[in-house]
Amino acid sequence: MLTLSVGLTQYMVLSAILFGIGLFGVLSKKNAIAVLICIELMLNAVNINLLAFNKFVTPTQFIGQIFAIFVITVAAAEVGVGLAIIIAIYRNKLSVNLDEFDWLKW
Amino acid sequence: MVDFAMQHAWLVPLLPALAFVVIVFLTKPWQKLSALVAVAGIVGAFVFAALAAYGVFTHPEFTEGSLVYGVRWLSMPGLHINVGIMLDPTSAMMIFMVSLVSSLIFIYATGYMKGDPGFSVFFSYVSLFAASMLLLVLSSNLLEMFVGWELVGLCSYLLIGFYTHKISAREAAKKAFVTCRIADFGLLLGMLSLQIVFGTLDLPELAQKIAHFHQYTSAGVLTLIAVLVFLGPIGKSGQFPLHVWLPDAMEGPTPVSALIHAATMVVAGVYLVGRMLFLFSEIPSAMELVAITGAFTALFAATIAITQREIKRILAYSTVSQLGYMMLALGVGSLSASMFHMWTHAFFKALMFMGAGSVLTALHHKADVWEMGGLVKKMPITAWTFVVGGLAIAGIPPFAGFWSKDEILATALNSHHYVLFAMGAFTAFLTAFYMWRLIFLAFFGEENPANHPVESPWNMTVPLIILAALATVGGWVGTPWDNVWSQWIFFGEVEHAAPNYGVMIGSVILALAGIYLAYQLYYVDREKVKAKALAERYHGIYTLLFNKYYIDEIYLWFNHAIVDGSAKLFYLFDIYVVDGIIVNGLGAFTRLSGEGLRITETGRLQNYALVFFLGVLIIAVALAFSSPSAAGLLLGGVK
């Protein structure tokens with residue numbers, strides 16, 4: 001019988017993989033929408049971390065869970081703002097290609 | 001009244017100082033009133049000075065100690081400065097002499113300066129000048145003395161450059177001021193050292209402490225202090241090598257030259273050394289330095305005076321020479337002889353300068369003695385008083401200069417300074433020669449038809465007559481047979497030198513020889529053929545003397561080569577190192593690094609994010625390597 005024991009390490013590895021995928025996406029995607037989605041991935045990696053620590057380190061308290069809910073809330077707001085910015089840019093440029101968005105340049 | 005004057009001797013400098021203030025702020029628009037205020041101030045000072053001097057010289061206890069009173073000027077932990085009055089025979093004689101000669105010069109100046117647009121200003125300056133000198137003389141504290149000393153320097157600057165429209169006058173004023181400043185710096189350092197070592201600048205206290213200086217410092221330090229202090233008098237009293245300003249000081253109005261040369265300025269240096277003799281006498285080498293400087297200056301200036309052509313320049317070099325005598329007397333330890341010569345010199349030098357001023361007024365400021373001649377017929381008073389001055393300075397008995405010069409020579413001989421004695425004796429011969437050269441050329445011989453001299457008005461001739469009388473009888477207080485002078489004014493022990501007939505006869509012979517030589521060359525020989533032939537024959541020496549040993553040129557060269565050269569070096573350092581490397585380098589570095597860093601700003605968010613990420617990574621790795629606990633936390637997670 002194959003026993004699968006899922007411990008803190010496994011959660012953290014999963015979280016790290018998810019964070020890495022998100023980071024890679026953020027750094028490499030051309031599409032602004034895709035970048036936003038990848039940010040969500042990174043945030044959720046953090047959420048997994050928070051919940052795993054909550055479960056294994058302080059099971060009697062709910063600090064980690066509360067933090068995760070906070071992160072979800074903030075992420076929702078952030079996506080709202082981010083999408084609004086992208087739409088505004090799209091109206092100007094008729095594009096969501098990040099390579100064309102270099103207005104912060106000197 | 002006498003007691004009042006002695007107890008309130010501060011009134012002596014105060015009265016001319018008040019005259020200065022009154023003229024500057026009130027009476028400046030009214031010329032005659034200004035002159036009256038100035039004369040009233042100085043004559044008032046003279047009256048008080050005479051009363052105070054009378055008081056001092058009728059109380060024999062003053063030979064033992066001096067009357068000192070004053071107030072505390074400033075006080076802080078470790079530093080207490082008093083200002084006060086120190087009345088003793090020396091200072092009593094000085095205030096009497098200074099205020100007397102100044103009074104006569106002021107009266108003379110009312111005639112000489114007539115019609116000058118700066119008439120009132122002139123009288124305010126000379127009042128301040130006299131006040132500063134009187135303050136200097138009466139000071140009981142070295143710092144107080146220094147204030148007077150610097151005020152004298154300031155007034156000489158203002159008065160030498162009085163004719164501001166003349167470039168030469170402005171240059172001479174600057175020269176006098178700068179030269180004296182260089183010297184004063186030494187004096188200031190010396191005073192600071194005295195304050196540091198002995199903790200006081202009060203003259204009586206300093207005298208006591210320096211008498212036991214081994215408790216405070218070593219002989220080496222005291223020697224250094226003495227040399228530093230002596231630097232001040234070298235500048236102020238025109239000793240070699242800082243004498244250069246004094247001959248140029250004749251650029252000012254002639255009464256100023258008389259004041260500077262006779263009463264108020266140059267004797268300050270001699271007086272300071274006399275006052276500080278308790279310091280110098282502790283250090284034999286310092287005394288030698290004073291004596292040698294004096295003797296050398298006396299001879300050096302006398303040789304220059306032989307060849308000069310301008311009447312006031314000859315007199316100026318003779319002042320330098322006579323000051324050398326006074327320094328020589330101090331150096332061989334005789335305050336008495338030095339002050340005596342200062343006393344007689346004040347009379348005959350003021351007399352001769354004012355006589356020269358009288359001549360210059362009559363000849364419309366044509367100063368070359370070779371272009372004068374025969375003035376005795378048109379200006380008898382000026383000429384004959386000048387002759388009295390000439391006899392006095394040459395050292396012909398019974399005129400004043402004979403007694404004082406004789407005393408200096410005798411003292412030098414008695415203290416076994418044979419070389420210095422010989423220099424002094426030879427200078428006496430030269431003095432008689434150049435002074436009588438001047439007299440024969442200017443006042444006797446044939447009249448120059450280009451000149452139309454007239455005798456000066458009474459307010460110029462009366463002071464001349466009074467001074468001529470003083471130059472005649474002024475030395476009788478110090479004859480070797482009954483030397484009243486040295487019983488009052490002395491340093492250490494009263495000097496009881498027997499009359500030295502050898503020195504007396506010798507110096508008279510030397511003086512007569514000088515006069516005879518001048519008579520032969522410049523009077524008998526109407527065409528001056530011999531004199532010109534001599535100048536031709538010794539052309540090299542003549543040129544050297546005529547150009548005053550090129551001392552001015554040497555200073556000029558020094559300025560050009562050393563001062564300007566090093567300034568150029570510093571200029572280049574400033575341009576290339578300070579400006580080039582530091583200032584511009586910093587700017588260029590900032591600009592270039594900005595240019596370089598600009599390229600990294602791509603404006604793309606993802607690049608920035610990558611940099612964030614790499615930064616975090618680097619910090620994490622660095623932490624992991626630097627501290628094991630951080631490494632455990634980062635890599636091992638939670639245990």
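Every residue gets a Cβ built from N, Cα and C, even glycine.
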Would you mind telling me which of B:146-164, B:564-582 TrEMBL tags as transmembrane segment?
B:146-164
For the domain 'NADH-Ubiquinone oxidoreductase (complex I) chain 5 N-terminal' (B:73-123), what does DSSP give as the number of helix, strand and coil residues?
29 helix, 13 strand, 9 coil
Taking pairs 6 or more apart in sequence, does the count of Cβ pairs under 8 Å between the transmembrane segment (B:415-436) and the transmembrane segment (B:176-201) hit 3 or more?
no
Which sequence positions outside the transmembrane segment (B:498-519), separated from its termini by at least 6 residues, show Cβ-Cβ distances below 8 Å to it?
394-397, 402, 405-406, 409-410, 413-414, 425-426, 428-437, 439-440, 480-481
The domain 'NADH-Ubiquinone oxidoreductase (complex I) chain 5 N-terminal' (B:73-123) [mean pLDDT, rounded to integer]
86
